[in-house]
Ligand SMILES: Cc1ncc(COP(=O)(O)O)c(C=O)c1O
Ligand SMILES: Cc1ncc(COP(=O)(O)O)c(C=O)c1O
Ligand code: FES
Ligand code: FES
């Protein structure tokens, strides 16, 4: 299993670990059966993600993708956060082994799930904005 | 954390010992002759190969003429099982008996044979990870070609009742193969007394290099070759003899089998110390029978701490270990071994295998005992699964 | 006779070079981690394996993802031929084309397949030891699964028209495998340009250790595994990676292929010097095409001097060589290669193969040139066959 140094760095000292008790949005994706659960908390001020925290049960890649994804959306506008893709996450980590790409998909979905929750709490139907957050296809087949 | 390096993945592979290295070195350097050649340089290599064959035979209670060198343990397994299947299919015997928790070298081989039309019975191993002799007996049929059951499991270290299975197969006149890759050097083996017809082993598990294995085949057992070609290994396994690695394996097995009780007496208390200490971690469990297990095998699960993340964290603390988590293999399913003994996916994901041997010392054990709980705690602290469990939002059966 | 040691059996096996030895040594010592493990010790081994894969790919004009490490050249040959046969049999293609003078790793594999019901065409190689492309074309049928033809012959060193055969097979849409064990490092190879679908090579012929090989398989070629088991080599060849030997092979092939014209320029004049000198021995002949042959291969027959006796005598003079005499193999038939190019049993028995390489120097060549005639003369002096020939009691066609 060939992890990049960047992945190992983020794994060893993940950024933004924890919970936000007064979060404006909370998203949880994955399932324990496949060994992946990601939970993301966001705080939103003036259309910007002012704070973000995560908790993850999963492999090194899952923890590293959570960490870097939170870095990438922290301080970003909601619009930009919505544009976060798993391939951007993979790129930011200097690549992931092929078998670990699904962990990065989960990171993208966790961000979307937290934003969807935020919209819901605002009384806005998130589906037209965030889209469907399906289960990871691989996980679905379990 | 302490700066210490603790290698505790000896069931995956071992370091070549100095004694073995020194024995093999001349054959990597000046002794490069082809062992089948007739000039002195070749003849000497040929003698060295035969000395090693004798060492292997002696360690197993076999005859040198029953020992075949192969390229690895997996090759030995494939050769034995595919060979026996194809040989006996000609006599109308197309049924194989094995267990659900064999190494993939056996399991995937059996699956390949199923595609060819063979029928395979996969026996259960129950919660303790030990197959029942009665189950083997019940499974044997008129058309059973082969029983293949591992001597000791590579993940949970449980030792199988090989002597009884051997006696049963002899009585029923069914060929019996055992994958003893993990057992050699840890359990006394006598192929004659134990009625073992074929046995696989691998050098790199006993301080010889990677890429060398053995298949023992009892006199009279003749199966098709897996690797056809030159006349090496009495025409049964082609390929220019890997003299250096063969010599290394000979030495390694001699050393591994020279004092097995001594090894058990030294290593198993260390194993027990680890198990006892880590069992204090809440929501943990020991996987596999506590008594009938390899002297160096610790296998435990810690709910809420994913296995691969555990390994990476331990690595940062200088500890090399392994896990049955799906995430370590790149597949979606956790270890078939852990599922076979009844663990749920969740629990299997949080598994850790520590395999020590006589090279480890008390300081290693202390480092492991000190580090694992910290790491488990750290991972649990960031685990939503653990959070749910603590908040009673979730139930998990251990 | 001079006290000198001349190793001239490099087609049998080679000495591990210092550069290769130094490269592999750390992986035999400290770098013993399992290349599939996730901790640093394992990851580094994994990276080393991938670097070696790249070196092999670069040397062949392939992609790293097309390179599979195996346990030896024989395994690669078996895997390729049995795998392709079994794969394409499912599509009703049960015909294989090869030559009469392949290495036994191919020939015995083909014979094993014949027993399973495959049909094999063995093409002739004529007096010069070179297969004709037209013969290959004529032999290709609707149900041809595979053409497998060696790149260079191991006994007489003749180089086959691989590019033309590759082009033909591509045009006819038939898979093409070549056993390039003897060719690598001696002939420039580009699997893409030459339309080679599968290629076997072996480490110990190019100064890497024994017990490591490669099968190149073009992207899209998928055949059943020969060795099922763990997920190593992208799930296609099981067995804990033999890191040290893989690293050695990577380095060795890089060095072997870095200056092939230079090697040819250096070695072939030495080869020609030996051939020219030994051709002066009466009743001698050169076996195999003189031009299209490996730069280091000398293969000659000396009527009336039996091959094994030749080798033993040369060994006493410090020269390691080989022979196609039946007596060296313990079988009754002399080399199938020499028979294939039309030699009678008598002539084949008196054959000598000298295979030199860039490690040999002029003094070695001189020693060979001086010793062989003496040895031939000595053996002829005590040979009744020679006596009959001299007294015109016997005729022998050279
Ligand atoms: C042409 C050829 N093919 C295959 C082999 C087999 O290689 P190995 O000894 O690595 O199995 C050899 C050498 O023995 C050879 O010369
Ligand atoms: C029980 C068992 N069988 C077979 C093997 C395969 O051995 P090798 O890696 O030498 O192919 C292993 C180790 O990987 C093992 O633990
Ligand atoms: S969390 Fe299982 S592979 Fe990443
Ligand atoms: S979320 Fe479980 S496999 Fe992707």
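Placed from the backbone N, Cα and C atoms, the Cβ positions cover glycine too.
TrEMBL annotations: computationally assigned, not manually curated.
Feature annotations, reproduced from TrEMBL:
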ACT_SITE  B:327  active site, cysteine persulfide intermediate
BINDING   B:73, B:74, B:154, B:182, B:202, B:203, B:204, B:240  pyridoxal 5'-phosphate binding site
BINDING   B:327  [2Fe-2S] cluster binding site
DOMAIN    B:6-367  domain 'Aminotransferase class V'
MOD_RES   B:205  N6-(pyridoxal phosphate)lysine
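Distribution of TrEMBL features across the structure.
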residue: B:73; record: pyridoxal 5'-phosphate binding site; CB count, 10 Å: 32
residue: B:74; record: pyridoxal 5'-phosphate binding site; CB count, 10 Å: 31
residue: B:154; record: pyridoxal 5'-phosphate binding site; CB count, 10 Å: 24
residue: B:182; record: pyridoxal 5'-phosphate binding site; CB count, 10 Å: 29
residue: B:202; record: pyridoxal 5'-phosphate binding site; CB count, 10 Å: 30
residue: B:203; record: pyridoxal 5'-phosphate binding site; CB count, 10 Å: 33
residue: B:204; record: pyridoxal 5'-phosphate binding site; CB count, 10 Å: 30
residue: B:205; record: N6-(pyridoxal phosphate)lysine; CB count, 10 Å: 28
residue: B:240; record: pyridoxal 5'-phosphate binding site; CB count, 10 Å: 25
residue: B:327; record: active site, cysteine persulfide intermediate; CB count, 10 Å: 28
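Neighbours of residue B:205 (N6-(pyridoxal phosphate)lysine) among the binding-site residues B:74, B:182, B:240, defined as a Cα within 10 Å of its Cα, are B:182.
Residues B:240, taken from the recorded positions B:73, B:154, B:204, B:240, B:327, are distinguished by a CB atom under 6 angstroms from ligand 1. Cα-Cα distance from residue B:182 (pyridoxal 5'-phosphate binding site) to the residue listed as 'active site, cysteine persulfide intermediate': 24 Å (rounded to the nearest whole number). Model confidence over the domain 'Aminotransferase class V' (B:6-367) stands at 97, taken as the mean pLDDT rounded to a whole number.
Spacing of residue B:74 (pyridoxal 5'-phosphate binding site) relative to residue B:327 (active site, cysteine persulfide intermediate) is 23 Å (Cα to Cα, whole number). Residues from the set of recorded positions B:74, B:154, B:203, B:240, B:327 situated with their C-beta under 8 Å of a chain A C-beta: B:327. In sequence order, B:204 are the recorded positions among B:154, B:203, B:204, B:205, B:327 whose C-beta falls under 8 Å from a C-beta of chain C. Rounded to a whole number, the distance between the Cα atoms of residue B:73 (pyridoxal 5'-phosphate binding site) and the residue listed as 'active site, cysteine persulfide intermediate' is 25 Å. In the three-state DSSP reading, residue B:182 (pyridoxal 5'-phosphate binding site) counts as coil. Checking the recorded positions B:202, B:205, B:240 against ligand 3 with a 6 Å cutoff on the Cβ atom leaves no residue at all.
The recorded positions near ligand 2, defined by a Cβ under 6 Å from one of its atoms, do not include any of B:203, B:240, B:327. In this structure the residues listed as binding pyridoxal 5'-phosphate are B:73, B:74, B:154, B:182, B:202, B:203, B:204, B:240; their two most distant Cα atoms lie 30 Å apart. DSSP gives residue B:202 (pyridoxal 5'-phosphate binding site) a strand state.
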